[in-house]
Amino acid sequence: MHEASLVSALVESLLDLKAREGAKKIVKFQVAMGELSGVDQEAFNMAYEALKGVVEELRDTRMEIIKIPARLRCEECQREFSGDYFSACPECGSYIKTILSGEELELREVELEV
Ligand SMILES: [Zn+2]
């Protein structure tokens, strides 16, 4: 499962951070999840819960998922719009666009107890 490896990578960097800061526990962390990241949030949650059961450091940790909406910019007329990889520009109908946001999957704020 794709999501399981994403979750373990995230948790690994969390544990790294905790060790680096010499923290007692990880209180809370935020994951920015883009609309276009291709991550299934339910599967992601399930993978996290499963990992939580075996990683003692996560027992009292809260995970917060922040959905990042997709923003695209048309390369023809520079109009910004929301949509996905298959959307045409609502202004000029062009398919040539730049993804401004919505592809991210990353750790944001991490709250540690030191
Ligand atoms: Zn356009």
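Positions of Cβ are set from backbone N, Cα and C atoms, glycine also.
Because TrEMBL annotations are produced automatically, they should be read as predictions rather than curated entries.
Here the structure is a predicted model, which means the values were calculated and not measured.
Classification of His2 (Ni(2+) binding site) by DSSP places it within a helix. Long-range Cβ proximity for His2 (Ni(2+) binding site), meaning a same-chain Cβ under 8 A and a gap of 6 or more residues, is found for Gly38, Val39, Ala43. According to TrEMBL, the feature Ni(2+) binding site maps to His2.
Positions annotated as Zn(2+) binding site by TrEMBL: Cys74, Cys77, Cys89, Cys92. All protein chains considered, the CB of Cys92 (Zn(2+) binding site) has 12 other CB atoms within 10 Å.
Considering other CB atoms within 10 Å as the measure, the emptiest surroundings among the binding-site residues Cys74, Cys77, Cys89 are those of Cys77. Checked against ligand 1, the binding-site residues His2, Cys74, Cys77, Cys89, Cys92 give Cys74, Cys77, Cys89, Cys92 as the ones with a Cβ under 6 Å from it, listed in sequence order.
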